[in-house]
Amino acid sequence: MAMGFVPANEGVLYNGRVTPFVVLSCMMAAMGGVIFGYDIGISGGVTSMEPFLKKFFPQVYTRMKDDKNISNYCKFDSELLTLFTSSLYLAGLVASFFASFVTGAYGRKPSIVAGGAAFLAGAALNGAAVSIYMLILGRVLLGVGVGFANQAFPLYLSEMAPAKYRGAFNNGFQLSVGIGALSANLINYGTEKIDGGFGWRISLAMAAVPASALTLGALFLPETPNSLIQLNNNHEKAKKMLQKIRGTENVEMELDDLIKASENSKIAKNPYGKIAGRNYRPQFVMSIAIPFFQQVTGINVIAFYAPILFRTIGFGESASLLSAVMTGVVGIATTFASMVIVDRFGRRFLLIIGGIVMFASQMIVGSVMAAELDDRGGGLSRGYADLVLVLIGVYVAGFGVSWGPLGWLIPSEIFPMEIRSAGQSISVAVNFLFTFLVGQTFLTMLCRLKSGIFFFFGGWVAVMTVFVYLLLPETKNIPIEQMEMVWREHWFWKKFVVGK
């Protein structure tokens, strides 16, 4: 059977080159990933710090220090503790729909500015928190910021980047997420050693640094040509912007496609209703499936709770934070590798290889913990603990080269303009919904399933790898406004888009 995974041709590429202007614009936009990653890394670190637990979660602190009868897997099981982590993503879920309206009605740039400002306010509240309510309110404001940022940034990057290098530019968002998470882990490792027990305040408040840079820098960002045409139908201004970011006067072909896409988008009075129609079934399915699968890889178990997980298997407080730094370095290195090769080898290849690596490492980690970690002992022996650390690094590498960056790239490039903002909003909302669910339930699942938690997520990795092999077409090197062709040529999806 001819599956039609890769289009017969890769689309008509537009004129242009990678210009310093577009590089600088995309670098600034990718700063949104830094604030997202910083928050992911910082929350996992501070929830393993004893002064933080003692102040806000005394029951967890007492259980960890004094209860010798509780299972190693259950020492950190607390709904209030997981709410601290996951409340951000529930707020981001709601905010992403408001961000969709702002992005569609006013452009990508206002959403970026609004996201940075909300994140700045949340960082200030968290750093000054004196009660659990103040702490969670700050997390909610951070969630609003992340909801706006994650709605606007991937779209901005995909629309600004030349089609031939769109994968590399968009993967810069995930690279920035990794840089933010690594920075957070390093700061956590440093502040944990501060005498007086207030290091966690510095960790939380330092989120204001990337948020300030983003908010101020966003004021100078140019709007994308796609958005200029969509908002005010200013063809001349869009043409000048295209010429500037492509480094050539000859942009008529790309401009014509943008104008046609804009005209089609004006017909769509209800983009959310339109995306659910038969003609857009492939994009609708992917807008849900891709972010869902990205979360059920289990990556946020590592991102949120790596220090807690390492403490569960027997590492001390400082060693746990240092181990999280090591996995962060692996994540950045492999995401950078993905940037280099994604436009050469394609999206499908990396997703399948990454899936195989993640599945294998999760199965082995689950087996080691099932065989060697006693329920109420002192943790794994040093040799097995080091083996688990290495295998988790391998797992993070598999994610970093595949589902980490590509989980943001693919949804941002597959939607036609008339449903693009709605599609990205659905994708972000699904991502936040399952991030919230995984974050809120993980410590309870760890307590109940014990080592089986790795088999649970490994099973999902197997399912998603098969899904990619059968149902995801290749999108590399195809201009964003010509993306419809990949669905027309796919063995399964062509039945839905024929006659469109």
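From the backbone N, Cα and C atoms, a Cβ is placed for every residue, glycine too.
Copied over from TrEMBL:
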- 25-476: domain 'Major facilitator superfamily (MFS) profile' (DOMAIN)
- 21-42: transmembrane segment (TRANSMEM)
- 88-106: transmembrane segment (TRANSMEM)
- 113-134: transmembrane segment (TRANSMEM)
- 199-221: transmembrane segment (TRANSMEM)
- 284-308: transmembrane segment (TRANSMEM)
- 320-342: transmembrane segment (TRANSMEM)
- 349-371: transmembrane segment (TRANSMEM)
- 383-406: transmembrane segment (TRANSMEM)
- 426-446: transmembrane segment (TRANSMEM)
- 452-472: transmembrane segment (TRANSMEM)
Seminar exercise, completed: For the transmembrane segment (349-371), out of 21-42, 320-342, 383-406, 452-472, most C-beta pairs under 8 A are with 383-406
Exercise. Taking the transmembrane segment (320-342) as the reference, which of 21-42, 88-106, 199-221, 383-406, 452-472 gives the largest number of Cβ pairs under 8 angstroms?
Worked result: 383-406
Problem set entry | Feature contact check the transmembrane segment (21-42) with the transmembrane segment (199-221), CB under 8 Å, 3 or more pairs | yes
For this session: Using a Cβ-Cβ cut-off of under 8 Å, list the residues of the same chain that are 6+ residues beyond the ends of the transmembrane segment (426-446) and lie near it.
Result: 73-74, 76-79, 81-83, 85-86, 89-90, 92-93, 96-97, 99, 143, 147, 150-151, 272, 275, 284, 287-288, 290-292, 294-296, 298, 300-301, 304-305, 308-309, 312, 407, 411-412, 453, 456
Exercise. Can you name the far-off residues of the same chain, 6+ from the ends of the transmembrane segment (21-42), with a Cβ under 8 Å from a Cβ of it?
Worked result: 88, 112, 115-116, 119, 142, 145-146, 149-150, 152-153, 156-157, 160-162, 169, 172-185, 187-188, 203-204, 206-207, 210-211, 213-214, 217-218, 220-222, 244-247, 300, 303-304, 324, 328
Seminar exercise, completed: Counting only residues at least 6 beyond its ends, the same-chain positions whose CB falls under 8 A of a CB in the transmembrane segment (383-406) are 170-171, 173-175, 177-178, 293-294, 297, 299, 302, 306, 309-310, 313-315, 323, 326-327, 330-335, 337-339, 342, 347, 350-351, 353-358, 361-362, 364-365, 368-369, 372, 464
